[in-house]
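A short write-up of the structure that comes next.
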Amino acid sequence: MAPKKPSCLRSLLLPLSLTLLLPQADTRSFIVDRDHDRFLLDGAPFRYVSGSLHYFRVPRVLWADRLLKMRWSGLNAIQFYVPWNYHEPQPGVYNFNGSRDLIAFLNEAALANLLVILRPGPYICAEWEMGGLPSWLLRKPEIRLRTSDPDFLAAVDSWFKVLLPKIYPWLYHNGGNIISIQVENEYGSYGACDFSYMRHLAGLFRALLGEKILLFTTDGPEGLKCGSLQGLYTTVDFGPADNMTKIFTLLRKYEPHGPLVNSEYYTGWLDYWGQNHSTRSVSAVTKGLENMLKLGASVNMYMFHGGTNFGYWNGADKKGRFLSITTSYDYDAPISEAGDPTPKLFALRDVISKFQEVPLGPLPPPSPKMMVGPLTLHLVGHLLAFLDLLCPSGPIRSILPMTFEAVKQDRGFMLYRTYMTHTIFEPTPFWVPNNGVHDRAYVMVDGVFQGVLERNMRDKLFLMGKVGSKLDILVENMGRLSFGSNSSDFKGLLEPPILGQTILTQWMMFPLKIDNLVKWWFLLQLPKWPYPQAPSGPTFYSKTFPILGSVGDTFLHLPGWTKGQVWINGFNLGRYWTKRGPQQTLYVPRFLLFPRGALNKITLLELENVPLQPQVQFLDKPILNSTSTLHRTHINSLSADTLSASEPMELSGH
């Protein structure tokens with residue numbers, strides 16, 4: 001419920017600071033005191049020590065638990081993004097229900113005595129699909145994202161005219177807990193340097209939210225020139241390995257007076273498929289925080305609880321090559337992906353307690369964990385067997401292949417089909433020119449798996465077939481770019497494939513609704529498919545199993561499997577990529593499972609190769625840094641704590 005009068009939230013906020021005074025209803029304020037380089041909350045000196053938590057990466061039933069642990073850690077504020085694409089899946093269609101209920105999350109934060117620093121974008125990065133921008137923007141292929149392009153501004157205006165009035169009652173001076181709002185996100189790193197765009201956003205925020213709310217920007221030190229704007233308070237972001245004195249000195253060139261603010265102090269870092277799990281040492285993170293607090297700076301720790309990229313929501317980076325972000329967003333944060341306190345949390349709480357009061361009482365204990373299995377999965381059938389169910393509307397036909405965006409397929413998978421126009425007796429090279437596979441293509445001839453083509457890889461497949469042979473290419477969107485100078489990351493086959501010297505034409509595109517099929521699987525009469533002797537290529541496996549007694553959080557381990565997608569009782573857990581790593585387990589919150597003997601169902605879509613024993617197991621610890629080359633007896637004994645490798649800190653990218 002939104003606050004109706006200023007007094008209703010005031011009592012909740014009293015424990016936030018020793019210096020917080022009892023304000024009258026008309027004196028609630030959060031402002032910059034430039035004369036004394038500090039913030040004032042209701043007229044009293046105030047400094048926030050905040051942490052990032054993304055409601056869209058945490059199931060709603062777990063919000064209160066995570067927020068309570070953040071408050072116990074000594075934080076007096078939280079910071080979070082609002083992903084546009086999470087709330088407006090199609091133009092003019094809005095969703096604020098369930099885990100998308102932003103107002104409910106604001107209320108949970110208030111109940112936990114936490115102020116809010118809101119970052120509504122429109123672009124958020126966050127290692128989230130397309131940086132939070134909806135992919136339907138790309139249905140206008142020439143659109144210039146994050147600029148003053150009229151098409152982009154029209155879409156932004158329409159979205160903010162829905163979003164910002166919803167949060168208006170929650171502004172601090174209106175009785176809510178939102179003390180400040182970020183405009184855009186690290187705009188200086190984008191490269192456009194379009195000040196007209198930033199001025200338009202600032203004007204839109206003021207028109208819809210009024211003059212009292214503090215608006216600010218955040219950039220890495222190299223992005224301050226193009227990311228800051230007069231009238232918006234300038235803040236910076238950096239991690240424990242960076243030179244704090246040098247960066248804050250640079251910040252003073254853009255914001256000579258007022259409090260120093262690090263809006264993203266990195267407690268850890270993200271993971272990419274194919275690279276080591278990133279960690280940051282407890283000593284480095286705590287030392288950096290203490291040094292900033294000694295300067296009187298306000299700090300937000302990114303992340304304090306990372307959560308999970310469920311479903312298809314992970315983003316991607318392009319650092320010389322395309323890098324897809326893992327399903328786990330554990331981030332080596334003070335609160336683990338499963339919501340458990342880590343040694344980093346207790347060390348940070350000790351630092352915070354030197355500068356401000358922290359709540360008394362015991363921290364809620366770690367959630368109970370459980371182990372189940374191993375379970376042997378059963379072959380359901382090849383993906384092609386269910387094509388009529390996966391694409392009930394039938395294919396879209398075109399001479400040349402069309403992108404996901406052109407056929408309104410936002411995420412997931414699309415099947416491309418054509419037929420060989422002549423017999424090919426010898427193995428003949430097959431490829432897609434100009435790096436035109438976005439992002440992975442699983443190639444089949446007459447239903448037989450031939451191999452994979454991957455973005456940024458120059459590999460070719462060698463195909464044979466008779467005239468009229470069916471050529472199927474299942475293309476996977478591995479997540480749109482979420483950071484960098486170009487967010488227009490189109491998916492699918494961007495160029496027509498070539499077989500030998502022949503450009504292939506006459507395509508059928510099947511946008512697949514796999515989640516719908518899995519969710520309602522038990523209602524359907526499934527067609528029979530002849531089981532291949534050695535199953536390979538995109539294939540469904542499943543297993544029903546009971547859990548006797550109560551359930552606990554657990555981690556799904558898929559030893560020997562290659563790459564694919566997993567559903568538990570119809571819920572899309574996300575991607576696994578056992579062969580590439582580093583992530584080897586998927587977090588399964590206990591509320592997804594049925595207890596006391598009720599049947600649960602796990603469904604896998606394995607895209608490449610199945611192990612000789614198609615088994616999975618639920619573990620009581622995560623494995624976030626490993627590869628499938630480790631022996632199973634060894635891999636089960638490892639955890640993220642024992643398999644961590646630090647990497648150089650990067651200044652920005654969130």
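Backbone N, Cα and C define each Cβ position, glycine as well.
What you are looking at is a predicted structure, and each value in this text was computed from that prediction instead of being measured.
Taken from Swiss-Prot, the feature active site, proton donor applies to GLU186, supported by sequence analysis. In this structure, GLU186 (active site, proton donor) belongs to neither helix nor strand by DSSP; it is coil.
The active site, nucleophile annotation in Swiss-Prot covers GLU264 and rests on sequence analysis. In the three-state DSSP classification, GLU264 (active site, nucleophile) falls within a strand.
The feature N-linked glycosylation site is assigned by Swiss-Prot to ASN97 (among others). Residue density at ASN97 (N-linked glycosylation site): 10 other Cβ atoms are found within 10 A of its Cβ, drawing on all protein chains shown.
Around ASN243 (N-linked glycosylation site), there are no C-beta neighbours below 8 angstroms that are at least 6 residues distant in the chain. In three-state terms derived from DSSP, ASN243 (N-linked glycosylation site) belongs to neither a helical nor a strand segment and is classed as coil. The feature N-linked glycosylation site is assigned by Swiss-Prot to ASN243 (among others), with sequence analysis given as support.
Here Swiss-Prot flags 1-27 as signal peptide.
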- Task: Give me the Cα-Cα distance between GLU186 (active site, proton donor) and GLU264 (active site, nucleophile), rounded to a whole Å.
- Result: 11
- Task: Could you tell me which three-state DSSP class ASN97 (N-linked glycosylation site) falls into?
- Result: coil
- Message: Counting across all protein chains present, how many other Cβ atoms fall within 10 Å of the Cβ of GLU264 (active site, nucleophile)?
- Response: 26
- Inter-residue C-alpha distance, ASN97 (N-linked glycosylation site) and GLU264 (active site, nucleophile) (nearest angstrom): 28
- Taking the Cβ of GLU186 (active site, proton donor) as the centre, how many other Cβ atoms fall within a 10 Å radius? 25
